[in-house]
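Asker: Before I ask anything, let me first share the structure, which is written out below as structure tokens.
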Amino acid sequence: MKLWPHCFPCYDDGDRGNRFCAASDFSNDLLPSLGATAQQPPKLRKYLVSPYDPRYKVWEKFLILLVVYSAWICPLEFAFLRYLPRAPFVVDDVVNGFFAVDIMLTFFVAFVDKKSHHLVNDRKKIAVRYLSSWFVFDVCSTVPFHSISLLFNKHEHDFGFKFLNVLRLWRLRRVSSLFARQLHIYTTPNLLLEKDIRFNYAVIRCTKLISVTLFAIHCAGCINYLIADRYPDPKRTWIGAVMPNFREDGLWIRYVTAMYWSITTLTTTGYGDLHAENAREMLFGICYMLFNLWLTAYLIGNMTNLVVHSTSRTRDFRDVIQAASEFAARNQLPRQIEDQMLNHICLRYKTEGLKQQETLDMLPKAMRSSISHYLFFRVVQGAYLFKGVSARFIQQLVTEMQAEYFAPKEDIILQNDSPSDLYLLVSGAVDILAFLDEAEQVCGRAAEGELLGEIGIMCNKPQPFTFRTTKLSQILRISRSRLLGIIQENREDGEIIRSNLQLVNV
């Protein structure tokens, strides 16, 4: 069955949310291999965890929050280590403990093989896979180097330990996979926000771009402050030139100043109040500005892609309208026909935007039949021609019908046309016209639920009237050959239809 816009029932937000949740839950299932007869999911061995387990997914989401915290605190500690209180480092040790638990847990989490797309629950294979991939990096990013420095050497401000603490940024790979790793929804346990139908794609993309920008600003500001803080002459630094005793100022003032410099440099504003004063700062400024060129190109490219994607249909629509107008002018068509052409194109643009036809095309026939039964069974059953026929006949009829929309003042059937299709007016209004004495006269008006062109179809003679819409109308259509085929298959119902036709037209 073919549908155009507004053919689906409308639900409230709660129902839509339930549908989205159901689809999201289904995306967590593994697709069985072709020919597989087993209906049950593969059983896990003892003490192993399924990557699709809801509890494990909650654990992953909790770790994402910890990763966001690490991404903010790590550059801050790298630059302002000697000025921070003890509390953040205690929190760091707690966070490291959670990631240490995750490392151990990973040895007991089954994984999906990329080639076979089967769930692997062999402990040895799980361990070998993890040890040969991210294990070393995960361990290095979890070791509490600051606490170790306090315990053994008391060199908590040593630059080497600062650098080792930066290894915690390796955890950002979790956020990257959360947003955009290109993995199949049926073969990965990871939550992919860009492919999650519960979230707007444009909002997720913009959130990702803003997150990358804020992280770059945060890191650059902290690194530039570290360069100034470790320079031998504090007054010959970018911050010391305007704040000679900047080390005595509060942590908040210095952090805001560093972010101010980073943002003005990223946006190439360059007020001139904060600028490099020595070679070290100049070199870092050069590197940061070169990075900003790439970041700006990345942001502009992504935003352009989003804008072009949202406006491409409008551009194509304008091109088609222009072509239709030129065609009408070139061939000197009457104004009425030109208006019908343009109205039809505008209506098609609206209907294509909902992509309901594409949605139906991907569904199996039984499901399309169920949708047709739900939407149109009652309206078809109420037509006078089908009064008293069996439900089986109505079901076959609605399955073969196509739902279309007609713009106002558009001809559905022309007088004296050969009978080809039967129409049923679902909503809207249609005038019944006839040419008498070389003049077009209105003979009547079809109401909602009435048939159009049934006399020509059932009597196999040219259509006696012209049917023209007076406002936007939704109409069901079925071909004459298919209608007669269904009547032939249901002879008793065919007799009832012929009787109904005779009673109305006597």
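Placed from the backbone N, Cα and C atoms, the Cβ positions cover glycine too.
TrEMBL entries are annotated by machine, without manual review.
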Asker: Tell me which range among 252-271, 432-451 TrEMBL lists as transmembrane segment.
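Answerer: Checked against TrEMBL: transmembrane segment maps to 252-271.
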Asker: Between the transmembrane segment (94-112) and the transmembrane segment (283-308), do 3 or more CB pairs sit under 8 angstroms, pairs being 6 or more residues apart?
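Answerer: Result for the transmembrane segment (283-308) with the transmembrane segment (94-112) is no.
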Asker: How about the transmembrane segment (209-227) and the transmembrane segment (94-112): at least 3 CB pairs under 8 Å, pairs 6 or more apart in sequence, or not?
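Answerer: Checked: the transmembrane segment (209-227) vs the transmembrane segment (94-112), no contact.
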